Structures are given as C-alpha cells and as structure tokens.
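The next block holds one structure in the form of structure tokens; read it before the comments.
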Amino acid sequence: MYLKLIELTSFKSFADKTRIELDRGFTAIVGPNGSGKSNITEAIKWVLGEQSAKSLRGKRMDDVIFAGSEAKRKAQYAEVTLTFNNEDRVLDIDQDEVSISRRYTRSGEATYMINRRQCRLKDITELMLDTGVGRDSFSIISQGRVEAIFTQKAEERRGIFEEAAGVMKYKSRKVEAERKLARAEDNLNRIEDILAEVAGRLGPLEDQRNVALTYKRTKQELSEIEIALTSVQVETLSEQWQVAQRDLEACKDQVNQLKADLAADQTQADQVQAQEEAKEDQVNQLQADYVDTVQKAEKLQGKIRLYQEKQDFHQRDQTSQQSFLAELDQGIQAAKQEVQDLSMHLDRVRQDYANQEAEHKRLNQALTELTSGQEEVLEEKRNAYIDALQGQARYANEHKEVTKEGDRLKDQLTRYQTKQTQKQAQYDDLSKQREAKAQAYQDRQGQTQDLLSDYQDLADQAKAYQADLEAADQAYRQAHERMIQVQARLTSLEDLEESHAGFFYGVKNALGMKEQIPGIHGAVADLIQVDPTYTAAVETALGGGLQNIVTSDAKVASQVIQALKKRRGGRATFLPLAVIRPRQLNAQVLKQAQACPGYVGVLADLVSYEATYRDVMMNLMGTTLVADHLDHARQMAAQLGQRQRIVTLVGDIIHAGGSMTGGQQKQDKNGLLSRKQEIDRLTAEVQELSQAQSQSQAARESVQAKGQAILEQMERVKEAGSDSRLKEQELKQSLDQMDRDLEALAQDLELLSLDQASASDQVQDLDQRAADLELKSKDQSQVVQELKASIERMNLSESDRAQRLQDFQAELRQFESQFAVLAEQKKQAEKDYQAAQASLKQKEADQAQTRQALAELDQELQEQSGQAERYQADYQEAKAKLKEVDQALKAARQARKDLQKESQALSQKQKALNDQLQEALGQQAKLGATVSRYEVSIDNHLDHLREEYGLTYERAREISQLDMSMEAASTKVRQLKQAIEDLGPVNLAAIQDYDEVKERHDFMTKQWEDADQAKTNLYQTIQGIDQEVSARFKASFEAIRDAFETVFPKLFGGGKATLVLTEPNDLLHTGVEIMAQPPGKHLQLLSLLSGGERALTAIALLFAILHVKTIPFTILDEVEAALDDANVRRYGQYLQNFSKENQFIVITHRKGTMEAANVLYGVTMQQSGISKLASVSLADFDPDKIDEGKESSNESTRRH
C-alpha cells in the first residue's frame, strides 16, 4: 500500500485543481519560501480529519478555502482527495485503489467521502486504523516534531515510543476500564445504601403485614353480614318508596289536570285574544276607511271650490274681454272716419300738387327762355335751396308722426302698469295667506307625526311588556319549581348532616355528647371550608382524619373516651388543641417545591379555618404538598428525594419513600366535604331562588299594571291621531288650491311684465327717433338759411339785370317754395293715409281675436259648470259613506271593548287555576322530597354495596342471606367495626409492600454480588492491560534502540548513540533518555549537544522508529532545516537508500535533499497568492536555480 495521488481544489493557495502523482520511493516537493509547498502537508492532515484550524495555520476552518487574489475571485469551497494503491488489501475495501476526500464550503457544510461516496469522519478513521496513517501518526513528520524530541523531558518523550509500540489503544482501554471501575464502586456503594434502607423496612413491614391480614379476615366477616343487612334495608326502603311514589303519581296527575285546564283556558284566551286582535284590525281598517273618506270628501270639496274660483276668474276675464271689445269697436269707427278724412285730404293735396306742377313747368320754361346763357352757379344754389326746404318739411312731418305714436304707446304702458300693480297686490296677499297656512300645515304634520311616533312607541312598549309579562310568568314558574326541588334536596342533605351520616359509629356518638361535655369543638370536616377545586385533594389526603374530633384539651378528650367505653359507643380519634403542635416544611424544602412545575401549594394553605384551629390543621396538613397532576407530582417527589407526601388535585398520592396511590373511581356524592359543600351551595341557591321568586312576582304585577296603562294611553293617542290627520288633510287641500291660484297669478304677472317690457322698449325707440328727427330738422333749417343768404348776395351783385327778369325770378322762387311745401304735404298725406289704414286693420284683427276668446270662455264656463255639478254629487255621496263608516267604527269599538272584558275574565280564571296549581306543586314537592329521601337512602345503600363491595343489589341478594334479625345484624356490624377500629391504622399495602420489599432485598443482594464480581473483573482487566503495555513497550523500545544504534553512525558518519530508560523497573511510567556520541566527542545526553547535532540525532531516532514500525508513506516537512550542508547530504543519501523500502514525500528547499530525490515537484507562485505545481526534469535539474528562485521569491514577497 502507498499513496498514489494527491488532488487539491481551492485549498489555501492552490486556487486551481492540482494533481500530484506519486510513486514508490523518494519524492521531493520543492519551492521558495511562501510558495505554498507546506500547504500540501496541511492538505494531507486536513483530509485525514484534522479539526483544529490553528494546527492548519488559520483562525477558522473556512480559512482553508482559497481567499482570492487580484487575478482570481475567492472560491466557495475547498476539497482534497488522497488516492491509495490497495493491491495488497491493507485497507479493508476490496478494490485496488481507494480514495478518501474531504470538502468544506463557506456556509460551514463539511463532507467526507470514501471512493466518492459520502461517509463519516469516523468511517475514515476506522479505515486507517492500524495502518500507521493518521494526522498525528509517524506518517507526517514536521520540523516541530523533530524539535519536540530533543526539547521534551524524558517522561514526555515516552509518548513517541508508546505510539511506535502501538499501545495507545491499550491505554485508552485502561482509561475506559478505570472509569468502569469507578462506576462499579459507586454502584456498590449505592446498592449497599439501598440494602441498608430495604433491610430497615422489612421488620416494620412484617408487623404491618400481620395486622393487615387480621384486618382482612375481620373485614371479610363484616362484609358478609353488612351485605346481607344492607340488602334487607334496601328492600324495606323500596317498599316505603313505592307507597310514597304512588302518592306522588296521584299528585302529579292532579298537577297535570290543572295544567291541562290552564292550557285549555289559555287556548280560549288565545282565541279571544285572536278575536280581539282581529277586531282591532277591523277598527284600524274602519279608521283608515274613515280617514280615506274624509280625505276624498275634502278633495271633492276642494275641487268644487277650485272650479268655482275658475268660473269667477273666467267671468272676470270675460267681462274684461267684453270691455276691451267695446273699446275696439269705438276705435274702429274712429279709425274708419280718420281714413275717410285722410283720403279726402289726400285727394285735394294731389289735385293742388298737379296744378302747381303744371304752373311750375310753365314758369321753368319761361325762366329758361329769360335766363338762357346765365351762370350755372346761381341755378345750382337755387336747386339746393329748394331741396333743403323740402327736407325741412319732411323732417317736421316725421317728427309729428313719431310723437303721436309715442303718446299712444305711453298710454298703453300706463294701463299695463296699473293692471300689474293690481295683480301683484293680489299675489302678495295670497302668498302671505299661504305662508300662514303652510306653517299651520307643517305644525299639524309635526303633531300628527309625533302622535304616530308616540303610538308606535307605545305599541312597542306594549309588545315588550307582553313579552316581559310572559317572561316574568315563566321565571316565576321556573323559580318556584326549582325552589321545590332544591328545598327537597336540601332538607334531605340537612337530615343526613344532622344525623352525622357517613361518620364512623364512634365519631357519631362522640359528637352527640357535644352538649353534655363542654369543650368538644367538632369534627375536622365541620371546622374547615374547602374550595371545590381542592375537595378531592383534601378528602384523599386526610381520609379518616376528616372525622378526627377537635377538643379544647386532653382532659375533655379523656372524658369523651371514658363515656364511649362506658356506653360501648365505638372509638374515635381526638385532637386536643392544648397538646397538638403544628408541623411544617422547612424553608429549603418549600423553596425547592415552589420551583417545581405544577406546584399548587401546601395543603394547609389551601383550606380556610378559624385561627383557633391553626395548630391542628398545620399538624394534619402542614407537610403535605399539592401538585396539579400526577406527572408533575412525580417530578416534584424526585426533586425532593422522595421524602415528602404529595397529593394531586384529583386525589392521587405519592407517599414519602416513593409509594403511590391513585386510580379512577366514581365521585363520592356523600363525602363529608362534598356533602357540606352541596348543603352550602343549595342553601345559597334557596335564598337566591326565594329572592328571584319574589322579584318575579313583583315584576309580573308591575309589568301587568304598566301594560294596561299603556293600552289605555294607546287608545287616546290613536283617537287624537285620527283627528290630527283629518285637520292635516284639510290644510293640505287649502294649500294645494292656494298654490294653483298663485301659479295663475304668477303667469299673469309674467305676461304683463313681458307686455310692459315690449311697450317700454318701443317708447324708448320712438323717443330716440323723435330726438333724432328734431336734430335733423334743425340742421336742415340752418342749411336753408345759409342757401337763402347766398342767393340774395348773388342777386344783389346783378342789379344791372333787367327788371323783368328780376320780377319773374322772384315770382318763380316764391312758386317753387310753395310747390316744395305742397310736394312734402302730398307725401305726408299719403303716409298718414297708409298708417291709418294699417291701424284700422290691426284693430279689426284684435276685434276678431277677442270675439274668438269670448266664445272659448263661454264654452269653458259651460264645461266647468257641468264638472262642478258632478263633483257636488260625488261630495254628497262621500258624506253619506262617511256617516256609514262612522257608525260601523263605533260598533267595532264596542265589540272590541266586550272582547277585552272577556279576556280579563279569562285572566282572572287562569289566576285562580294557577294558584291551585301552585298549591298542588307544593304538595308534589313535599312528596317528591319524601321520595327523594327514600331514593337518597336507597342510593346510599346501593352506593355502599357498589363502592365498598363492588356488588349490585341483585348480586348481593344472590350471594348473601341474613340469618339473624336486623337489630342483631346491626349490633354485630357495630362490633366488627369496633374490632377493626381497635386495630388502629391498617396498611393494607403492607402485604404487597412486604413482598415487594423482600423481593427487592433479594434482587439488590444479587445486584451487589454481581457488582462486586464486576469490580474484581475490572481489576484483573487493568492488570492484564498493564502487563500487555509493559511487554509491548519493552519490545518496541529494544527494537527502536537497536535500530537507533545502527542509524546514528550512518547519519553522522561515525560515532555512536543509545537509548536509556530512566526507571527500568517501572515500564508503565519510565522516561527515555537519548545518549549520543558524535564523531570526535564523548558520550553525553542529547540536551548537551549542539543544535545541528540534536536535530540530526532526533532525525536518526525517527528513522529508527520508521525501521521498526512499517508505515505506507511518510511525509517529511523540512525536518532537515537545521542541518548543515554536509549533514543534509548524508540525510539525503540515507533517505535515498531508505526509500527502497518505504515511500517518502519530502517538503524541502535544501540542495542535498533535492539531489537525492527520485521524483521532483516544484511549487511556484507565478501570480500573487496562487500556487502552481511545476514538473522538473531531473536531467536538466540545477539545484542552484532553486536557491536563486528562493531569493527572487523572497524579494518579490517583500515588494508585494
């Protein structure tokens, strides 16, 4: 077997995957300092299981992962694989090659593999066991290990030889055996303690066992008699129960009959109620019909008033239209006359104009003849003067016409304004009336809504009171029935309590002496108050202690005991207050218990009692702990060393010493504390029920009175609401009519406003036009004056003209002036005639339109008159129907009142039946209580049979027969119970406990014998190991010494050396000294040699060990660093020779070592931080270049 291949991936400075193929012999790995060659050694240690990052020159394990450089990013994992040649099957795997791998990621995930299959580190360790390969074995030898050889003390150096001797596993076995021996001795001590404790318990348990056997025999006799006696008592009580049950059934029949009568009456009451509700619905419907009829009549009356008002309005409109028509007739006659007058005037003007036109032609012709050749300027001015005169006349006529039309429109506008003022006054007055009416209507609406809301609230209250009344009745009945049941149960329990049922015979008699012997305080059960949560715990923990009797002092207890003896009244246990001392847990134990899970408290602290009884209660319960359940109780007992008594809330007990009592059984209904708690609970419930019954009765009467008052108030509110709705409808009709009238007035006002606005606009236009015409007339007058003056001036300058021409011209001018005026008069006359004709046509059109409107008004008045008559007929019909509905409503109200009286009568009858029912229920309750007492007594006897003996009544009758009278049987039972009491406390478990303790004693005795034998065997095993270690150490030491004496002179070239034991007689602890004599020196201790001599001597010792202990491969990591060149050459030569037998992998940078190697690998760091493996040809190999490379690398390292 040898190491064949090393593969490194991202391990430290080997960033890239690197393969180092190896062969047998001597392989050297060389490289300058800092190149990473030692990382190969650390990789081998790491894959073999090294767990210390510090041993790998790191702080954390992820430091073995390539950390990155300037040229390459950091890696995420590191992996190393070693491949071995396994042809000789040294490794226990049937393959020629075996690889082991280790991978580690930056996330902390570690993986081990064998032949690339994941495994555990332990699997790799076991695989390499006994092969000599390991992270701390001689397969890896570093410079530090060489130094350790010559720096260690002799005793410390012994470890090298032990490792070589292979005794480490024996030493481990010895350590394990010594541990087992220590445990065995501890077991023996514990077993002896347990045996002592068990032996101490055997004697008392045997006594208790004998008492328990006597108890069981007496108890068996008592059981036989008591079972027979109880069976007879059950039979007797059953007969008495049957008599009481028959009476109870008869009473129940009476109750059922009364309930049936009540149900029948209730059915009849329900029917009457239904009829009353139906009649109520009929009244409501009739009221609604009445309101509808009233509303219909009011609507018809409103419509009649509306049509009457329309007729009045239309008649007023008709009168107005007729007046307007008369005015139009008069205007038409006047217009016709004006047209006729204007026509005649126009004819005259036209005739005058024709005459003047002929004369004008004549004059013009004459003038032409006279003025032929005159200047044209004067002619032009004359023409202009004539045009100006005509224009002046035209403007004057137009101004007159416009002024006349404006006056007419102003008169019309005044009439519009007067009519609008009248309409607006009517509108304002009606609006004020409507506002007052609307406020009244709104107020009436609010009143009606308030009354409706009040009625609804009252209806809701009535329903609520009805539900409350039913609930009060139900609550009263339930409270009464429950009161009877609870009272019966309470009476039964109080009878049992008063007779001290459940107490021992002696305790009953002792408590009966309470009045005769002062100082008897009572039984413990009567002196404590227990929360139901802790009842089971207290009853279980105290057991019979609940019947212990507390007295003021021992004297009183003695008096009671003497009285019991004298009367043969049984036995009882007494607790004199003056004598009993309290018991309590010490503070340390209490503190430990409080720290335990499930701790509830000390039992005495969970019970209430008077301060007088504190010492007694602390004596009984001061050292008992309470846990919530059994698991926590067990943990608490273990924590307290099984020295305390612990009880759980459900009654399980762990006794001091570790014994446990528990299980599941039916709750004791007649337990002393349970019965007392039930009496207290029932007493409180009776008080609550009595109060609830009184409150229910008072509430029922109060609710009934309030309900009746509400019904009466509802009737009053309903009538007021009907009246309010009628008045509201009247107001609404009036408001609607006012709204219609206001709407008509608003429309009239709007039309008048439009007419007024149109007329006003026309007046403004005419006024503006008149002003413009007046201004133009003035301007034209100015032009006339200027032209006249100009002509006169021109005429004055021609005074030399002939007088004739002047006269003629003057005549012509005068004529032309008159002719111009006449022409304008003709034009104005034609215009006036056309305007008069247009006005006549408009008046005639208005006349025709007004006559059409009057005809339509006549038609509408006739239709409205017919509709009003029809409405009047409907109104009379509605009044008749209103009278019928009113009569029907009065009849329905009377019927409803009769039904209410019948309902009240039925209610009184029900009350009487209910009183009888309550009396019968009372009798039923009393009989039920009697039956319950018999049942309780029978149940107590049956429970006693079942719980005490596990028997049913039938089974008890089968297996037993009373062969004596009941009195004699009762006396015998008391005697047997007395005998049992005389036995005192009986530990029935002592029988089984004795057997168990005896069995345990025998078992522990056997355990002690086995432990003692194991101790002897371990002593023998340790002795055998010591002998084996001594023998192996001695043999290995002698072989290594012989090999060392041979190797030393070969390495030193002479001299001698040997190994010496410091204590030859103690091979288990002796140290090893190295004596050496280099050539030319005397024999001396290793520590006295020079540094190089010590190092070479240590190497010689390691080689000697390797000669003795065969190892598949050995890694030497710069172990020759301290040697000089001559010794290095001898070291290298020796390795070369030695490698023929062993495989050596040498990390070195010494020339002598390199020269001796068979295979040479070089490690370089061409890139900063990244190691590369380079193969070196031995043929071209020059060791000097290594030294140069070393210096260059060191310089480069310094630069970086």
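Placed from the backbone N, Cα and C atoms, the Cβ positions cover glycine too.
Unlike curated entries, TrEMBL annotations are predicted automatically.
Noted in TrEMBL for the protein shown:
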{"type": "BINDING", "residues": "PRO32, ASN33, GLY34, SER35, GLY36, LYS37, SER38, ASN39", "note": "ATP binding site"}
{"type": "COILED", "residues": "167-373", "note": "coiled coil"}
{"type": "COILED", "residues": "455-496", "note": "coiled coil"}
{"type": "DOMAIN", "residues": "518-637", "note": "domain 'SMC hinge'"}
{"type": "COILED", "residues": "672-699", "note": "coiled coil"}
{"type": "COILED", "residues": "728-776", "note": "coiled coil"}
{"type": "COILED", "residues": "805-923", "note": "coiled coil"}
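In the predicted structure, the coiled coil (805-923) carries a mean pLDDT of 72. Compute the center of the Cβ atoms of PRO32, ASN33, GLY34, SER35, GLY36, LYS37, SER38, ASN39, which mark the site for ATP; besides them, the chain residues with Cβ within 8 Å of that center are SER13, GLY31, VAL1163, MET1165, SER1171. Between the listed binding-site residues, namely ASN33, SER35, the fewest other CB atoms within 10 angstroms of a CB are found at ASN33. Each residue of the domain 'SMC hinge' (518-637) gets a DSSP state, and the totals for helix, strand and coil are 65 helix, 22 strand, 33 coil. For the recorded site, GLY34 (ATP binding site), the DSSP three-state label reads coil.
Residues near LYS37 (ATP binding site) in space but far in sequence (CB under 8 A, at least 6 apart, same chain), listed by position: ILE29, VAL30, GLY31, ILE1147, HIS1149, VAL1163, SER1171. Looking only at other Cβ atoms within 10 Å, the busiest spot among the binding-site residues PRO32, GLY34 turns out to be PRO32. GLY36 (ATP binding site) has a Cβ environment of 22 other Cβ atoms inside 10 Å. The Cβ neighbour count for SER38 (ATP binding site), using a 10 Å radius over every protein chain in view, is 20.
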